[in-house]
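Right, one structure below, let's go through it.
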Amino acid sequence: MSSAEAFYASIRAELDAIRDAGLYKRERIIATPQGATIRTADGREVINLCANNYLGLSSHPKVIEAAHEALRTHGYGLSSVRFICGTQDLHKTLEQRLASFLGTEDTILYGSAFDANGGLFETLLGPDDAVISDELNHASIIDGIRLSKAKRYRYKHNDLDDLDAQLKQADADGARFKLVFSDGVFSMDGTVARLDEIRRICDAHGALLGIDECHATGFMGARGRGTHEARGVFGKIDLITGTLGKALGGASGGFTTGRREVIDLLRQRSRPYLFSNTVAPAIVGGSIAVLDILEGSTELRDRLAANTKFFREGIAALGFDIKPGEHPIVPIMVYDADRAQKLSERLLELGVYVVGFFYPVVPKGQARIRVQMSAGHDQTTLRTALDVFAQAGRELGLVR
Ligand SMILES: *Cc1c(COP(=O)(O)O)cnc(C)c1O
């Protein structure tokens, strides 16, 4: 065999191994806009419990109208990165609006939150510095840290004694600057970082604190500003990264927000910003409309909170093993990957669209169904979903 043929054969063998382990992921095709109910490509209407569409804004008429308007007034695309000829008034408006929404000074937009995290650490930290990261941080944070030359320290998930110990170690190693970084909300468990305590520990060590708010911006906290608001440290976080691709309309795009000089340096040096295209005007216009809606009323985040409470109580009463908490992510623990797949397949047959999560997205032996609430759901629909869970759970011997 030539070496190229051997390469393709080894790729096929790896795919076979993934299939044999029951870890193969298939895309299910949707034929409608994103929403509380959707139609799959085979024509079935199903209740959708797996989108990050927390506020139901992915197909909100005002957001769609604003996107159409931006398309009309600002065109389809910029065909440029920001600093060459890719910055419109709309981009500057959205950056300022995000800063004021999140209690910071300035914001830089990226093509995605993955890029925001990818271009953060390398730009701000050098070999004399330390980054201290929760071990369950999102893949994009891990990759972003890998790209930087800073010394890396990992603390046990949500373990503040270990965080303190790692900070002491960084001090002992003579770190110049220390940056602690955590997901605001951890996407596989719905765990909400204890930012008030983390902030206190950081202050005791003179460390900076950064958070990734992808599963928080728009609905955590009384005004939906995020985990920092929910934990009483609004305005006290040094760096925040986030996405436009989840609660804030769900299209795509990401951002980093913080102090003016930090954002300014990111505009000079951050590689995904310098070398990747501008966020499309329609998305920017839609995102500004999202902020108008969220600053005008807390109705959507309030409805999301009510739906979350209703579903969490209902699914626990059925006897399912869920991770406790208050976040609209409701992880239903199945542990075994194959069984999680079977449960999600059966739920889909019965009209509820959810996805099983298993290695490598979660640790081995920790497979689960991740249910996500949305303000777009009504409680009649959620009641139906609970009935379907009860039936499928009984069939698979997960509940009695
Ligand atoms: C979804 C997610 C990202 C990636 O966001 P994109 O804008 O889709 O790239 C980054 N971090 C966390 C914690 C996420 O949940």
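Yeah, the Cβs are placed from backbone N, Cα and C, and that goes for glycine too.
Features of the protein shown, as given by TrEMBL:
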DOMAIN    45-388  domain 'Aminotransferase class I/classII large'
BINDING   HIS138, ARG370  substrate binding site
BINDING   SER187, THR243, LEU244, GLY245, LYS246, SER276, ASN277  pyridoxal 5'-phosphate binding site
MOD_RES   LYS246  N6-(pyridoxal phosphate)lysine
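TrEMBL feature annotations superimposed on the structure.
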{"residue": "HIS138", "record": "substrate binding site", "contacts (Cβ under 8 Å, 6+ apart)": "ASN117, ASP183, SER187, ASP212, CYS214"}
{"residue": "THR243", "record": "pyridoxal 5'-phosphate binding site", "contacts (Cβ under 8 Å, 6+ apart)": "SER112, ALA113, ALA116, CYS214, THR217, GLY253, GLY254, PHE255"}
{"residue": "LEU244", "record": "pyridoxal 5'-phosphate binding site", "contacts (Cβ under 8 Å, 6+ apart)": "GLY250, ALA251, SER252, GLY253, GLY254, PHE255, VAL279, ILE283, SER287"}
{"residue": "GLY245", "record": "pyridoxal 5'-phosphate binding site", "contacts (Cβ under 8 Å, 6+ apart)": "ASN52, SER112, ALA113, CYS214, ALA251, SER252, GLY253, GLY254"}
{"residue": "LYS246", "record": "pyridoxal 5'-phosphate binding site", "contacts (Cβ under 8 Å, 6+ apart)": "ASN52, ASN53, TYR54, CYS214, HIS215, THR217, GLY218"}
{"residue": "SER276", "record": "pyridoxal 5'-phosphate binding site", "contacts (Cβ under 8 Å, 6+ apart)": "VAL81, TYR110, GLY111, ASP115"}
{"residue": "ASN277", "record": "pyridoxal 5'-phosphate binding site", "contacts (Cβ under 8 Å, 6+ apart)": "GLY77, LEU78, SER79, SER80, VAL81, GLY86, GLY111"}
{"residue": "ARG370", "record": "substrate binding site", "contacts (Cβ under 8 Å, 6+ apart)": "CYS50, MET188, ILE329, VAL330, PRO331, ILE332, VAL354, VAL355, PHE357"}
Those binding-site residues in HIS138, SER187, THR243, GLY245, ASN277, ARG370 whose CB falls under 6 A of ligand 1, listed in sequence order: HIS138, SER187, THR243, GLY245
Distance in Å spanning the most remote Cα pair of SER187, THR243, LEU244, GLY245, LYS246, SER276, ASN277, given for pyridoxal 5'-phosphate: 27
Assigned conformation of THR243 (pyridoxal 5'-phosphate binding site) - DSSP reduced to three states: strand
All-chain count of other Cβ atoms within 10 Å of SER187 (pyridoxal 5'-phosphate binding site): 22
Coarse DSSP state, helix versus strand versus coil, of ARG370 (substrate binding site): strand
DSSP-derived class (H/G/I helix, E/B strand, else coil) of SER276 (pyridoxal 5'-phosphate binding site): coil
